[in-house]
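Working notes for the structure below.
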Amino acid sequence: MRSLLLFTFSACVLLARALLAGGASSGGGDTGPGNRRREREALAAQKIEVLVLLPRDDSYLFSLARVRPAIEYALRSVEGNGTGRKLLPPGTRFQVAYEDSDCGNRALFSLVDRVAAARGAKPDLILGPVCEYAAAPVARLASHWDLPMLSAGALAAGFQHKDTEYSHLTRVAPAYAKMGEMMLALFRHHHWSRAALLYSDDKLERNCYFTLEGVHEVFQEEGLHTSAYNFDETKDLDLDDIVRYIQGSERVVIMCASGDTIRRIMLAVHRHGMTSGDYAFFNIELFNSSSYGDGSWKRGDKHDFEAKQAYSSLQTVTLLRTAKPEFEKFSMEVKSSVEKQGLNEEDYVNMFVEGFHDAILLYVLALHEVLRAGYSKKDGGKIIQQTWNRTFEGIAGQVSIDANGDRYGDFSVVAMTDTEAGTQEVIGDYFGKEGRFKMRSNVKYPWGSLKLRIDETRIVEHTNSSPCKSCGLEESAVTGIVVGALLGAGLLMAFYFFRKKYRITIERRNHQEESNIGKHRELREDSIRSHFSVA
């Protein structure tokens, strides 16, 4: 009996172990069928479908012709012997489709049309768009469809709200708000609290509007005062009105416009005596292109001398450039590819070109981690979360993405350090991840010290101190004005004497006529009386 009980107990223990083992293998453990399927997917070769939405119009700094070579360079790196081969399953390939975004609704239509044509099959990754009005609807749909979207654009302040409609967007280029943080650090360094925002606004793509919107929002949050003035530089500029606005607003002016427009404004304020240290002018040039102001005063025209003097009061804000050996190779390959398409320019590698290259690297890093965790390439939300709050090595140096999916921005301030030669150098740098602004100690500052002292409360007496006596007018124009004034005075005097003589003549004639009329009246009256009396 005792042996029977022992046998029964042993059998129950074995059965329980078997049941537990079976439950572990079939119930939600790490080795269940669902997880084994995910592991197989993670180890299997991946076909990553990428949709690139950028404009074909080469007037844009981020056109397909400019950015495509950078994307293909990155893909060769990750598919070849680079980091991608170590991170992704063997045999993984990227299939890329390039569509014209036209910087408008065509971007959204292209995405919807491709999904419809593929019977609902969606891309695994969206790169772009850049233009704000093109990116907004695509980002909303990407969030709805659970698609990761990486862009070196969509830089406006509105895209930083990632809690709802932009939840699947990562910005791999510094947003305008990051530049606003840099300006805030610069103002704190100089102990300034007020700024005038002066910008061009074409009411279409509104690049400068969105640029200075980032400054305005950051300043407003920190209690700094701003006033704003906008103009359309595609039309005739009222430079006098712009000067009056500056004189009546703030002493520190932040501007965004084309290089030629900035030069015209600086010449105007210089001719009104506003470049002698009472004002500080800043020009935003994030994209290293003349479209947004190239910071150069020289044009080879008769105004170069004045412009050089005026630019001694202008500082230019641009991206901090770092370079490593691989970047030089990358730049040469991009330049070669772009030139083959008939584009010849000085700056082949700009912020957008770098950004989309780094977007591929960031996506590969995130996808690797998601696959290792047992998820698939279709888990867009998981992938996009892995792109946030991390630092990785980009083509030009370290790239840091904050916890909100926006890249930290490193910026430099360029100023004229030699007023005789007109030489401009970097005088200070801002490091976005650290939130630190630092002036360089090995350069000569145009104002002579580390801090530019601007008294924001002192009233300035504005005088026209143009070095040219005619205030910018040609000598012949001045001569014409003087001769015209003399002729006008002569005509007025001639008219006065003619009018006086004519008046005397008229008065004499009227007097004679009145005398004759009186005589005729007397004769007629005498005749009537004579005849009446006779009757």
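Yeah, the Cβs are placed from backbone N, Cα and C, and that goes for glycine too.
Feature annotation from Swiss-Prot assigns signal peptide to 1-26; the stated evidence is sequence analysis. Per Swiss-Prot, the feature topological domain 'Extracellular' maps to 41-477; the stated evidence is sequence analysis. Marked as N-linked glycosylation site by Swiss-Prot: ASN81, ASN288, ASN389. Sequence annotations record features per position, and here Swiss-Prot assigns disulfide bond to CYS103-CYS131, CYS208-CYS256. As annotated by Swiss-Prot, transmembrane segment applies to 478-498. Here Swiss-Prot flags 499-535 as topological domain 'Cytoplasmic'.
Checked against ASN389 (N-linked glycosylation site), the disulfide-bonded residues CYS131, CYS208, CYS256 differ in C-alpha distance, with CYS131 being the nearest. In this structure the alpha carbons, written CA, of CYS131 (disulfide bond) and CYS208 (disulfide bond) are 12 Å apart. In this structure the C-alpha atoms belonging to CYS256 (disulfide bond) and CYS103 (disulfide bond) are separated by 21 Å. Along the topological domain 'Cytoplasmic' (499-535), the predicted structure has mean pLDDT 44. In sequence order, PRO55, ASP57, TYR60, PRO129, VAL130, CYS131, TYR133, ALA134, GLU205 are the residues of the chain that are 6 or more apart from CYS103 (disulfide bond) and have a CB within less than 8 Å of its CB. Taking the disulfide-bonded residues CYS208, CYS256 in turn, the residue surrounded by the fewest other Cβ atoms inside 10 Å of its Cβ turns out to be CYS208. Highest local Cβ density among the recorded positions CYS131, ASN389 belongs to CYS131, counted as other Cβ atoms within 10 Å over all protein chains shown. Following the DSSP three-state reduction, the secondary structure of CYS103 (disulfide bond) is coil.
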